[in-house]
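As written in TrEMBL, here are the features:
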- B:1-24: compositional bias 'Polar residues' (COMPBIAS)
- B:1-25: region 'Disordered' (REGION)
- B:57-76: transmembrane segment (TRANSMEM)
- B:97-118: transmembrane segment (TRANSMEM)
- B:161-181: transmembrane segment (TRANSMEM)
- B:274-293: transmembrane segment (TRANSMEM)
- B:321-342: transmembrane segment (TRANSMEM)
- B:385-406: transmembrane segment (TRANSMEM)
- B:His407: active site (ACT_SITE)
- B:418-439: transmembrane segment (TRANSMEM)
- B:451-474: transmembrane segment (TRANSMEM)
2 protein chains.
Amino acid sequence: MPSTTPGQRYSSKATEPAVNSSTQRIRDTKYRHVFATHSQTRPSCLSADAEKAPSFVGFRNLMILVLIVSNLRLMIENFRKYGVLICIRCHGYTKQDLLYGAALYLLVPIHLFVAYIIEWLAAQQAKGAVARMKKACEDHDKPEMQALARRSFNSTWRVVAFFHGINATFNLIIATSVVYYNIHHPGIGTLCELHAVIVWLKTCSYAFTNRDLRHALLHPNQSQPLPEIYASCPYPRNINFNNLCYFWWAPTLVYQPVYPRTTHIRWGFVFRRVVEVIGLSIVIWIASAQYAAPLLQNSLDKISILDFVSIVERVMKLSTISLFCWLCGFFALFQSFLNALAEVMKFGDREFYGEWWNVSSIRTYWTTWNKPVTNFMRRHVYSPLVGRGFPPALAQVIVFVISGLLHELLVGVPTHNVIGVAFAGMMFQIPLIALTDALQKLKGIRGKVAGNMIFWISFCLVGQPLAALLYFFAWHAKYGSVSKQFQQSPAMHFFHRR
Amino acid sequence: MPSTTPGQRYSSKATEPAVNSSTQRIRDTKYRHVFATHSQTRPSCLSADAEKAPSFVGFRNLMILVLIVSNLRLMIENFRKYGVLICIRCHGYTKQDLLYGAALYLLVPIHLFVAYIIEWLAAQQAKGAVARMKKACEDHDKPEMQALARRSFNSTWRVVAFFHGINATFNLIIATSVVYYNIHHPGIGTLCELHAVIVWLKTCSYAFTNRDLRHALLHPNQSQPLPEIYASCPYPRNINFNNLCYFWWAPTLVYQPVYPRTTHIRWGFVFRRVVEVIGLSIVIWIASAQYAAPLLQNSLDKISILDFVSIVERVMKLSTISLFCWLCGFFALFQSFLNALAEVMKFGDREFYGEWWNVSSIRTYWTTWNKPVTNFMRRHVYSPLVGRGFPPALAQVIVFVISGLLHELLVGVPTHNVIGVAFAGMMFQIPLIALTDALQKLKGIRGKVAGNMIFWISFCLVGQPLAALLYFFAWHAKYGSVSKQFQQSPAMHFFHRR
């Protein structure tokens, strides 16, 4: 038996064998069959007692490859089963859909201009009040001046708020009812509803911001300083047609008299972003038509007989495609489209999203994936509520309720099935936020990874495909083949209420 | 229109808005609807002009989840299609297989002891020669002494080499013919053949190493110093039964008189490794029986009619399972089993593998994934060839030819189909090495990633599943249902030569 080497376990003092010696060195060595391959004690690199943790970067590459290969295989399977399902001329829209859609596209922005007129009148009134205040100031009648300002502001605000409310509400009601009753095609309907909601949010922001600017003008002594960036265009100079038109097209939902701007338009940048939008739209269309559509179609009977294992299997299969479409759609809209628009508008602040894919808390997800809406909610809902003394947690719940209503409007109305799944999905975020917040506090890096996994599972792997399945089923329950085939199914009793 | 901010595009000097302010700060601020959400020009984090590259660690988590979900879905699909295929009593081996397997297990090591006897006799002869040399040295007859040593060494080596050759060759021939003709079950056959090859390699290493040690003893003046670690057990003291038995069980194929050793056995460590081996073996067995078997089975007819698209689809589906089994098997054998064995043997050098999963060159893969064989080939084939003047590239090709022959022996013989696929697979590594070596030189980090991808694709995603499919088909062509059904198929003409 060979004797043991003295000293500790795994002493690294032993000399390294000449394993990597050059060819010349091998040729010089006389005894080639005797060199000491094993000259030191050392652990395996995957063992817990290894000196440094091994790198697993190769497995990242492997995961990418396995994902590509498995999905290529599913594409072959899909093609052999269904052939080519993509068809350029097979659209589901009617002439009426297009006409109503075009009409809404042209008419909805009018509400923004109505808001402008309201604000213009309020600005005139404020100008008069300022003149009267100046006069009172010259007369050294300070209490009279303050009372004048308060009265002038409050009475005007009541009138202004009333007309703004009517205007904004009519925007939503008209667009929603036209989409629900007159536009059958869910794609066109979604675009119209989305446009109406965006204009509605812009109108609200325009009204709220100008209210506070007017308040600052009429209460020059009470007021805290306004942001420096607004100094170049003070109220009421910002109430002009060009300023409104800039806000109309700017890629933001938050009104500011002045925005940070870039100095010139890089047309090459715009061109690349537009190509991205077109390319990704085609990719999403192919993925939906060729892969998602047959999958949704052949899951209809599974849902109608409430075969839960099959529903789970369908949701799992659908999750990859819906995730793919979601990621492509996110990039196309938030990176490519909004950046192209911002470039053309010389809009400087391009923070349309944060690194939401790394979030470890669902709360952070909702504040980073869609910055335009987050900014709106923070400035016009959350901060004012907290400022008025609401507990922050309640203010957050209110934000989620509003967000849930808007989501239901955007999904339920164009699909003609206000079944509340989108709203319920938003409400379900609240306990998830509590869960991931608790996880964050509990552990270190593992808590972060667990939080991120919960986000992906709840949102992209379960939430979205399940919601897509339910709205698709509801659509077919109302219009499609299902309602004829499965009139007596248990699921039908739930969905088929019309 | 608001005026543009002066200065450069994306100047980061502008002040940060108080977006993340605390609740108290929000309550103190009077004008809540006017704070400047957009106060600076900044690019989107995914844009090329972003200040720092975004982190994508969340997508790594997503990939893991998608892989789990897609494979869980395939498991549901598999279960609904086939039910439970795992069956403890359904084995394919006969009593004869077990008897021959046990006989081989007991008899194969005898060849190592025959090698010991040969070396013992050679050592006795060398001792006599040393004594005669000492006498010549005392007579101050130096030329006579050197001639004596040369003659003594060369004549003995010819005899010793002849007997070692006979012994080692008989080992391989006997084991291979028994496995090929008498052991039907491929699993038992593979274990027996693997055992025989390991003992064959150990016998070769024992013979070669002791040859050089004897040479060093008989040429004390010509010789370069032997490794320091051998000093505690110089030749011929190492030719003893205990030393041989240690080498027989040590987790290495390279003979050294002395190995680095640990001081004690950690039985807890051994226990955990054994549990890993058992657990992973069960996992591999379930994966093969439930997932790989039906997949291989229903690809038989696709191969026999040479439906290439279907074969590609089957290889793609098989690749995930074969990759999974390969990774589990690698860990079970090289990490768990060899570490357990090394711990019991107090064998210090646990470098049984390197970080092969990160390799960017196929060459590095073959020198890191299986260190015991690499060490053998380097010490007993590559270095001696290069030392004798062979160009390194040719020496490498010879190593791959020997390795290819051993692979064919290990796969072709137990499956009773020496069809040369394993050998061809090894030979195909040579152009792949040239390709990845060229890639490495061309580019920086991208070359590394591309090399790693080529490794995974060629080896784990195409090579292994394709080879498994071909040997499985050849097996069924010889014994199974295929030969009856598809006697006239084109693939059959290739495989069915018996």
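Here the Cβ of each residue, glycine as well, is placed from N, Cα and C on the backbone.
Across the candidate stretches B:97-118, B:274-293, B:321-342, B:385-406, the maximum count of CB pairs under 8 A to the transmembrane segment (B:418-439) is reached by B:385-406. Residues 100, 103-104, 107-108, 111, 114-115, 118, 189, 192-193, 195-197, 199-200, 203-204, 207, 211, 409, 413-414, 416 of the same chain sit 6 or more residues outside the transmembrane segment (B:161-181) yet have a Cβ under 8 Å from a Cβ within it. Same-chain residues lying 6+ beyond the ends of the transmembrane segment (B:274-293) with a Cβ under 8 Å from its Cβ atoms: 74-75, 78, 82, 84-87, 318, 321-322, 324-325, 328-329, 331-332, 335-337, 340, 468. Contact between the transmembrane segment (B:321-342) and the transmembrane segment (B:451-474) holds: at least three of their C-beta pairs are under 8 Å, each pair 6 or more apart in sequence.
According to DSSP, the residue listed as 'active site' is assigned to a helical segment.
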